[in-house]
Structure formats: C-alpha cells, structure tokens
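Q: According to Swiss-Prot, the protein has these features:
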{"type": "BINDING", "residues": "Val517, Leu584, Asp784", "note": "Ca(2+) binding site"}
{"type": "BINDING", "residues": "His582, His687, His783", "note": "Zn(2+) binding site"}
{"type": "COMPBIAS", "residues": "963-972", "note": "compositional bias 'Pro residues'"}
{"type": "DISULFID", "residues": "Cys42-Cys181", "note": "disulfide bond"}
{"type": "DISULFID", "residues": "Cys76-Cys121", "note": "disulfide bond"}
{"type": "DISULFID", "residues": "Cys109-Cys126", "note": "disulfide bond"}
{"type": "DISULFID", "residues": "Cys222-Cys329", "note": "disulfide bond"}
{"type": "DISULFID", "residues": "Cys288-Cys310", "note": "disulfide bond"}
{"type": "DISULFID", "residues": "Cys631-Cys652", "note": "disulfide bond"}
{"type": "DISULFID", "residues": "Cys699-Cys710", "note": "disulfide bond"}
{"type": "REPEAT", "residues": "567-608", "note": "repeat 'NHL 2'"}
{"type": "REPEAT", "residues": "670-714", "note": "repeat 'NHL 4'"}
{"type": "SIGNAL", "residues": "1-20", "note": "signal peptide"}
{"type": "TRANSMEM", "residues": "874-897", "note": "transmembrane segment"}
Amino acid sequence: MAGFRSLLVLLLVFPSGCVGFRSPLSVFKRFKETTRSFSNECLGTTRPVIPIDSSDFALDIRMPGVTPKQSDTYFCMSVRLPMDEEAFVIDFKPRASMDTVHHMLLFGCNMPASTGNYWFCDEGTCTDKANILYAWARNAPPTRLPKGVGFRVGGETGSKYFVLQVHYGDISAFRDNHKDCSGVSLHLTRLPQPLIAGMYLMMSVDTVIPPGGKVVNSDISCHYKKYPMHVFAYRVHTHHLGKVVSGYRVRNGQWTLIGRQSPQLPQAFYPVEHPVDVSFGDILAARCVFTGEGRTEVTHIGGTSSDEMCNLYIMYYMEAKHAVSFMTCTQNVAPDIFRTIPPEANIPIPVKSDMVMMHGHHKETENKDKTSLLQQPKREEEGVLEQGDFYSLLSKLLGEREDVVHVHKYNPTEKAESESDLVAEIANVVQKKDLGRSDTRESAEQERGNAILVRDRIHKFHRLVSTLRPAESRVLSLQQPLPGEGTWEPEHTGDFHVEEALDWPGVYLLPGQVSGVALDPQNNLVIFHRGDHVWDGNSFDSKFVYQQRGLGPIEEDTILVIDPNNAAVLQSSGKNLFYLPHGLSIDKDGNYWVTDVALHQVFKLDPKSKEGPLLTLGRSMQPGSDQNHFCQPTDVAVDPDTGTIYVSDGYCNSRLVQFSPSGKFITQWGEASLESSPKPGQFRVPHSLALVPPLGQLCVADRENGRIQCFKTDTKEFVREIKHPSFGRNVFAISYIPGLLFAVNGKPYFEDQEPVQGFVMNFSSGEIIDVFKPVRKHFDMPHDIAASEDGTVYVGDAHTNTVWKFTSTEKMEHRSVKKAGIEVQEIKESEAVVETKMENKPASSELQKIQEKQKLVKEPGSGVPAVLITTLLVIPVVVLLAIALFIRWKKSRAFGDSERKLEASSGRVLGRLRGKGGGGLNLGNFFASRKGYSRKGFDRLSTEGSDQEKDEDASESEEEYSAPPPAPAPSS
C-alpha cells in the first residue's frame with residue numbers, strides 16, 4: 001500500500017515536470033527561433049529565461065502585447081538580469097517586423113524609470129546611468145558581435161536591468177487593434193569573454209551651417225592614445241541637413257575607411273566592410289557634409305529638429321585586461337590632415353525622396369537662445385572612462401535619464417561651464433535626438449525605389465552566421481589582396497589552375513543579391529537573383545514565416561541567361577514569381593529547378609514556357625517539416641539518369657529530401673547538429689548539392705559545419721567527409737565535374753585567418769589542388785558556384801551582387817569530357833596513374849616532384865601531360881621493335897600468322913589511344929593491378945566508355961570507386 005501511495009505521488013508530480021522538460025534540441029531551436037511561447041494574437045511572456053547549457057542562457061525581452069494609439073509612440077519595458085554575478089551579452093536577435101516597428105533600442109541600467117509592465121518613454125528610460133547595448137532600425141541589418149566579444153553586465157559594475165525602447169512610427173498597421181510583442185532576444189554567457197565591447201563617440205559641437213546651398217564640412221579628429229581597439233561596426237547620425245558621414249583611421253598619412261553612410265538611411269549599427277584596428281598614435285577622423293538648403297536662418301548644433309548634429313558611433317572591442325568601455329572625441333586637433341581626405345568623403349550619397357528617414361523631433365522652442373548652445377570644449381580632445389562612466393556616457397548615445405523628456409528636449413539655460421557639464425550636455429543632445437526619429441511607413445518603397453543603393457550600402461550581409469572578420473592594420477582596396485591571400489600557393493600542383501577572366505564584362509552586371517548560378521545545356525550562364533529584395537534580420541519571424549509579404553513579389557526578372565563570352569543578357573524571366581530566391585540548378589533537359597526561402601517552395605520551370613511552373617513542391621508561405629512542407633529550402637539536384645529529385649531543406653529542418661520525378665515524396669535523412677564535432681548525417685544548414693552520377697553519390701555543402709558530406713544515392717549511406725582547415729567555418733557551395741570538386745567558403749570568424757576564396761579539389765582524394773580569388777572586386781559572401789567541364793568556373797556573390805568568371809590556364813581540351821560521347825581515355829588513365837602515385841607518397845614531396853616533371857616535360861604554351869608524351873613516343877618504338885623481332889625470328893610460312901597477331905595486337909593498343917576498342921590495354925587497371933599501387937581513390941572514368949565492360953566484379957568496382965573513409969575532423 002505504501003508503494004502504491006508513492007507511485008501515486010510520483011504520477012502527480014511528474015506531469016508538471018514533463019511539461020517543463022525540453023530536450024537539448026528544442027532548447028537550441030527555441031533560442032534560435034524565439035525564446036517565448038506565443039499564444040493567440042501575441043507572444044507570451046511566460047518564460048523569458050531559457051537555459052542553453054550549463055553556462056549560457058537566452059533572455060527574451062519583448063513588449064507585453066501593446067497597441068499604440070498614435071504615430072510616433074515610444075514604449076519602454078524592463079527585464080531584470082536573472083543573476084547577480086557578472087555575465088556577458090554575446091549575441092542579439094531582433095524580433096520585430098518592419099511593418100510595425102520603426103526602430104528599437106536596448107539599454108542597460110540599474111534602475112528603470114518605471115516598474116510597470118511597460119510605460120511611455122516620455123517618463124524616461126532609467127533613473128540612473130543608462131548604456132545602449134543594441135540598436136535595430138527597419139531596413140537595416142542586425143548588429144552582430146564577433147566571436148569572443150561581449151558586453152559586460154551584472155556583477156559589481158554592470159547593469160542589473162535591461163530596458164527596451166520601441167518606436168512605433170506609422171500605426172496604420174494597428175488598425176485591427178492587434179497586439180505587438182516586438183523585442184530582442186539576448187544570448188548571455190557566464191563565461192568570461194576575452195574581448196570586451198565598447199563605444200567610441202565622435203561628435204562635433206560647434207558647427208555652423210549658413211542658409212542656402214553652400215556645402216559645409218564638419219570635421220572631427222583626435223589622437224588615439226590607448227591600447228589597440230578593433231572596430232567592427234559603426235553608426236552615423238545627423239538631422240535633416242546631413243548628406244554623408246564618413247569615418248577614417250589615419251596612420252602615417254594613409255587613410256583607412258571605417259564607415260561611410262547617408263544619415264538619411266536607417267541609422268542602425270552597420271558592420272565595417274573591412275576590418276580596422278586602431279593603435280597608439282593613430283588619428284581618428286570624421287567628416288559630416290551639410291548644406292543649408294531650405295533654411296532661412298543659420299543652423300547650429302543642437303537638440304531640436306531645427307538644429308543639426310554630427311555624430312559617428314564606433315563600436316569596437318579590446319582585450320579584456322586593457323578594455324576601456326567608452327571613449328569620446330569632440331574636437332578637431334589635426335585640421336590640416338583633412339586636406340588629404342579621400343574624395344569620397346565629400347560626395348553626398350543620393351537618397352530618393354521616398355527613402356529619406358523622417359525625424360520626428362520637437363520643434364524649436366520660441367524662447368530658445370541659440371547662442372547658449374553647446375560651445376567648444378576646453379578639455380582634452382579624447383576622454384576615457386571606466387566601466388561605471390561607460391554606462392553613463394553610453395546612455396548619451398541614444399538613451400535617457402530621469403530628467404529626459406521625449407525627443408530632443410534641450411534646456412538652453414544649462415550652459416556647459418566645465419568639462420563634466422559639457423559631456424552631460426552632449427549626452428542629453430545625443431540621447432534625445434534618437435528618441436525622436438519617426439516613421440511614415442515608406443519601407444516598402446525604400447528598398448524598391450533605389451535597389452542598388454540599399455543593397456550596396458545597407459545590406460552588406462545576409463544572415464546572422466556572416467560574422468565579422470578580425471581587424472587588421474592595412475588599407476584595403478578592390479585590387480589589393482585580402483588578408484591571407486596567397487597562403488595556399490604551395491599547394492598548387494600545377495595540374496589544374498583557374499584565374500579570373502579579366503576581359504569578361506559580366507562582373508559589372510550588378511543584379512540583385514546573387515543567390516544561384518548554373519549552366520544550361522548550351523553552356524550559357526544562368527543567374528538567379530533577388531532584384532530589389534534582400535534577406536536580412538527582419539525578413540522572418542521566430543517561426544520562419546516571411547514578414548515582408550506586403551512588398552509583393554519581385555517586380556523584375558529574377559532569372560537571367562547570360563552569354564558566357566560577352567556577358568550579354570540572352571533571355572530573362574521570373575518576374576512577379578519570387579520573394580526571396582535562393583537555389584538554382586538545371587537538369588539535362590534544360591529545366592530550371594529553383595527554391596524560394598520566403599515561399600518555402602521548390603519549383604520546376606520550363607525556360608521556354610510562360611505557363612507557370614511545371615512542378616511545385618511545398619506549400620506557399622507555410623514553413624513545415626513534414627512530407628508536404630519545407631522550411632527555407634536551399635538547393636535542388638536532379639539525377640540525370642533517373643530523374644530523382646533531391647532537395648536540401650535547409651535553414652530550419654537540416655535534412656535532405658528525396659522525391660520521384662513526378663514529385664512524390666520518397667524518403668528523407670539528416671538531422672540538426674548541436675555539437676562542435678558533428679557526426680555524419682548531421683547538418684547545420686545543408687546549403688548546396690552536387691550529384692556525382694558515375695559514383696552514385698550526392699555531396700552536400702554542410703555550410704555552418706564547414707565541411708562537405710557525401711552519401712550514396714541508393715542507400716543514403718554516408719560515404720565520406722571532406723574538410724580542410726582552409727575552409728574556415730563555412731562551406732557555402734559546391735560544384736562537380738568529372739574528377740574535380742569546386743567549393744567556396746564564407747567570411748572568416750573573429751581570430752580566424754582563412755580568407756574567403758574558391759577551392760579546386762581532386763574528388764577522389766579530396767585534396768586541394770588549387771585555390772582562386774578574383775582580381776576585380778573581392779569575395780564577400782560567395783553564395784553559389786558552377787563549373788563547366790572545360791574548367792570554366794562561375795561564382796555568384798550575395799553581398800557584392802557580382803558574378804565572376806574564372807578560366808583554366810591549361811589547354812582544357814586535354815581534360816574535356818563529354819556527357820554522352822566518347823572520352824579521351826588515355827588522358828584519364830594517365831591522371832589515374834598520377835593520382836595513385838600521389839596516394840602512396842607524402843603529399844608535399846610528391847606535389848613538388850609532379851611540378852618539376854611538368855616543368856621539364858612541358859614546352860612553352862603546351863598543356864600536354866608528360867605521361868601522354870612518353871606514351872605516344874614509346875608505343876610506336878615498341879611496335880616497330882616487335883615487328884623487327886618477329887620478322888627475324890619467324891620463317892616465311894609463319895609470317896602470315898604473326899602478321900595477323902601483330903595487326904590485332906597493335907590495333908588494340910592504338911584503338912585504346914583513340915578511346916575506342918572494346919578490349920585491350922587499360923593503363924589504369926594495368927598499374928592498379930601491380931604491387932605497390934592501390935585502386936582506391938580512382939574516379940570512375942566514364943559511364944559510356946568501353947572501360948565499363950571490363951569491370952571484373954562488383955566488389956572490385958566498389959573498391960575502385962568508393963571514396964576513402966572520412967579523415968578526422970580538424971580541431972577548431
């Protein structure tokens with residue numbers, strides 16, 4: 001009886017425990033997608049804190065279901081840090097829709113201005129020091145912290161509360177009175193971070209702008225006198241008259257761009273395009289360009305909409321032991337250096353009228369004494385503060401204190417009479433200006449109106465995994481090599497090398513974000529791009545539902561057929577069909593297979609038909625993980641022999657799905673990887689597919705795991721992994737041609753040295769035999785790659801909106817292989833011999849020997865392999881010697897038989913050299929059968945060639961054509 005009572009108690013207790021239980025996978029996905037439970041109209045508020053592991057947790061900070069009643073409403077709410085000890089914010093995930101929210105600011109402080117669920121921000125943000133940790137603006141990319149970088153919170157000096165401020169601009173989206181739960185999800189860790197984030201504020205305080213069209217430059221410069229800081233993001237800020245704001249590091253007279261942006265575009269933090277480090281003795285310089293057009297009076301620096309501001313916020317990190325959390329620069333200590341400022345700093349960035357950000361500031365008060373505005377400080381040009389002061393001055397960037405009234409309230413009676421007073425005045429001006437930005441819901445037209453401007457200057461990155469690179473002390477230009485360039489030169493075997501085709505004009509096409517490239521049966525290049533649509537942090541909600549449906553489909557042709565020689569557009573299609581194009585592949589019949597991550601669908605298109613898709617897989621705008629749904633599918637591969645369809649499904653589901661040629665679901669495999677050392681068959685964004693028909697394999701670019709996985713198409717059995725340290729942490733795309741595998745990686749993470757580049761690999765061994773980069777422009781996010789069988793390679797970049805063409809430096813006819821014809825077998829077999837030798841000797845020494853042999857044997861301009869030349873010279877000599885011996889040895893009566901045998905024998909040899917003949921000498925099999933040589937690692941030479949009839953048995957064929965076992969994953 002006692003046992004029964006115990007069991008009853010357990011049953012009563014356990015259900016509640018089961019409700020709260022979450023598997024590690026669900027916790028991971030929950031943080032990735034959302035950290036709150038949604039119900040009815042709005043996100044719930046039941047579980048703001050979600051454990052990730054023993055040291056990390058997610059904190060969800062969201063509005064508790066609010067409905068603004070008038071435009072330009074600012075709501076604030078607070079969440080207490082769920083711990084007293086020190087922690088570090090290492091990532092931010094915005095949870096806002098551009099249709100409802102204009103911008104969001106996240107502050108840290110020790111006492112919020114109110115203890116209610118939410119309040120009007122007119123009441124203030126915090127009653128003590130407030131620091132800005134995060135800023136999000138519509139149509140702008142989210143702020144990302146590099147790996148190892150964190151903002152300090154908690155502990156003795158850090159903030160105890162987070163305060164979220166949300167600005168609702170145009171409230172027409174709330175006509176249905178729905179509730180809004182916009183906010184931000186934080187990823188925090190208890191582990192000390194080696195690098196601490198901070199802010200450097202450059203601000204002009206004495207600029208005077210006369211009325212009229214005269215250009216006025218407001219210059220700021222300071223000597224940097226601290227430990228090195230590494231810049232990774234920036235934000236510009238002016239009012240209506242600002243045309244462009246530019247920031248630079250000046251070292252030994254050399255100007256290095258930190259950031260340049262129009263202040264009339266969304267004023268969030270943007271990543272620096274190239275890493276910049278600032279060391280002791282450098283000069284930091286900034287210029288704001290103004291005109292007084294439309295004004296009838298002189299304009300000064302101040303806090304109302306009639307005044308102006310010139311601010312550049314530089315977000316940086318420093319080593320923890322030397323970290324200074326906040327620094328300021330408010331003077332121009334080196335005015336002479338601006339004589340050599342790059343001309344770009346003086347060129348306004350044009351912004352269409354429908355793209356201008358409206359600034360809803362308080363109008364100038366009638367009794368305002370303009371002469372009492374901020375005056376030139378009489379302090380050291382650069383102030384450095386410790387942790388506590390950092391929070392005080394960070395609040396001045398965009399925050400509020402208890403005495404702050406909504407939007408740019410400026411008290412002219414409070415003159416700056418001392419250094420501390422001046423800094424306080426600056427703080428009030430900065431924080432209150434940003435509270436006043438308003439919105440007129442022009443978002444849909446902003447991107448559409450000037451696509452190139454938005455794409456090139458705002459959306460320089462596409463997904464959160466595109467982390468920022470380490471800062472380096474160099475000036476980068478389009479023609480200069482990137483960090484780490486050329487480090488793979490010793491690995492070039494000379495066997496295959498590609499270089500950019502500098503005479504190809506296609507690099508200047510500049511379509512939208514290039515998501516896919518492929519080659520049609522006529523060898524024309526086909527580009528799949530996003531037009532004026534972009535994929536950024538605002539595109540999807542936490543459940544992967546597309547949030548910008550109101551923009552409508554892309555109103556321009558998204559599929560371009562390009563002449564491979566002169567880059568002329570031969571054909572275009574795909575208008576008003578897609579929202580966010582992603583993958584593109586072309587089957588043997590020339591049909592296009594495309595994916596759209598917003599629609600969560602796969603389409604089969606006939607390029608010659610205008611009747612719509614031939615086949616559609618998935619449900620429009622409905623993410624899911626069953627047999628009838630996808631969730632942001634990335635790529636498609638179609639088996640040329642069977643017509644079987646393979647889909648990589650993709651960003652959310654981490655699986656591969658197989659369909660019949662008619663679109664019937666067959667099977668799926670794969671799962672999400674949560675560990676640092678993922679297992680075979682686990683994925684973190686299966687991003688690109690490449691079929692290897694001769695071997696019956698499907699290879700997958702496992703993007704976020706930085707590797708390539710190959711599987712058998714019939715059994716789905718894992719075959720091998722290809723992973724190299726030079727890949728870095730991402731492999732975005734792959735392409736296969738007989739014997740070779742091409743790939744492109746992604747932008748390196750913080751402290752990683754691997755550059756963004758393309759790779760050529762021996763498919764059998766997986767060894768890298770060449771790397772390549774463009775000369776014109778540079779890779780930023782190479783998103784897809786396509787290779788033709790003559791060795792021409794095309795790479796499309798989603799950030800630079802560029803397509804490059806690379807060609808082989810060899811005579812490609814010696815490596816050409818026809819899809820449905822006779823191959824030049826002797827070339828393939830000679831390569832097989834070389835590959836076999838390379839497997840049996842150390843790679844480095846063997847590569848040297850191969851290079852030396854090729855140098856000795858090759859004549860200038862010749863690409864003929866040494867083995868081929870030797871074969872062509874030796875065989876006729878052997879045949880002639882054999883004939884002479886037979887003539888001398890045989891009598892005249894036996895001569896006829898000998899002649900017939902010789903004729904048959906020589907016919908087989910010469911026939912083999914022509915790639916014909918059903919039997920005879922097979923150099924690959926001959927050498928592979930000799931002691932000391934292994935057949936393992938050979939490529940299947942052809943599916944149509946006569947060699948296939950010579951396979952002795954199934955087991956031997958399997959050994960010859962299976963890939964080697966996966967090598968141990970390198971530590972990272």
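Just so it is clear, glycine is given a Cβ too, placed from its N, Cα and C backbone atoms.
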Q: Do any residues of this chain, six or more beyond the ends of the repeat 'NHL 2' (567-608), have a C-beta under 8 angstroms from a C-beta of it, and if so which?
A: 504-506, 509, 515-521, 524, 526-530, 533, 535, 539-540, 544, 546, 548-549, 551-561, 614-624, 629-638, 640, 643, 645, 647-648, 650-651, 688-689, 784, 819
Q: How big is the Cα-to-Cα gap, in Å, between Cys631 (disulfide bond) and Val517 (Ca(2+) binding site)?
A: 21
Q: If you compare CA-to-CA distances from Cys222 (disulfide bond) to each of the recorded positions Cys76, Cys310, His582, His687, which comes out shortest?
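A: Its closest listed neighbour, by Cα, is Cys310.
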Q: Quick check: in three-state DSSP terms, what is Cys181 (disulfide bond)?
A: coil
Q: For the recorded Ca(2+) site formed by Val517, Leu584, Asp784, which further same-chain residues have Cβ atoms within 8 Å of the site's Cβ center?
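A: For the Ca(2+) site, the extra neighbours are Val514, Ser515, Gly516, Ala518, Val526, Ile527, Phe528, Gly583, Ser585, Ala733, His783, Ile785, Ala786, Tyr794, Gly796.
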Q: Which whole number is the mean pLDDT over the repeat 'NHL 4' (670-714)?
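A: Summing pLDDT over the repeat 'NHL 4' (670-714) and dividing by its length gives 94.
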Q: How many whole Å apart are the CA atoms of Cys109 (disulfide bond) and Leu584 (Ca(2+) binding site)?
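A: Approximately 48 Å lies between the Cα of Cys109 (disulfide bond) and that of Leu584 (Ca(2+) binding site).
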Q: Using Cβ-Cβ distances, find the residues under 8 Å from His582 (Zn(2+) binding site) that belong to the same chain and are at least 6 apart in sequence, listing them in sequence order.
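A: Once residues fewer than 6 apart are set aside, His582 (Zn(2+) binding site) is near Ser515, Gly516, Phe528, Val594, Thr595, Asp596, Val597, Gln632, Pro633, Thr634, Asp635, Gly650.
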Q: Note down the number of other Cβ atoms within 10 Å of the Cβ of Val517 (Ca(2+) binding site), including every protein chain shown.
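A: 27, counting other Cβ atoms within 10 Å of Val517 (Ca(2+) binding site).
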Q: Report, in whole Å, the straight Cα-to-Cα distance of Cys126 (disulfide bond) from Cys310 (disulfide bond).
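A: Distance between the two Cα atoms comes out at 25 Å.
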Q: Based on DSSP, name the secondary structure state of Cys631 (disulfide bond): helix, strand or coil.
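A: Note: Cys631 (disulfide bond) is coil by DSSP, not helix or strand.
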Q: Name the secondary structure element type, per DSSP in three states, that contains Cys121 (disulfide bond).
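A: In three-state terms, Cys121 (disulfide bond) counts as helix.
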Q: Count, for each of the disulfide-bonded residues Cys222, Cys288, the other C-beta atoms lying within 10 angstroms of its own C-beta, and report the residue with the smallest count.
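A: Among the disulfide-bonded residues Cys222, Cys288, the lowest count of other Cβ atoms within 10 Å belongs to Cys222.
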Q: Using the centroid of the Cβ atoms of His582, His687, His783 as reference, list every other same-chain residue with Cβ within 8 Å of it (recorded Zn(2+) site), in sequence order.
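A: Here the non-site neighbours turn out to be Ser515, Gly516, Gly583, Thr634, Asp635, Ser688, Arg703, Phe732, Ala733, Asp784, Ala798.
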Q: Can you grab the distance from Cys126 (disulfide bond) over to His687 (Zn(2+) binding site)? Cα atoms, rounded to a whole Å.
A: 44
Q: For His783 (Zn(2+) binding site) and Cys699 (disulfide bond), determine the Cα separation and express it in whole Å.
A: 17
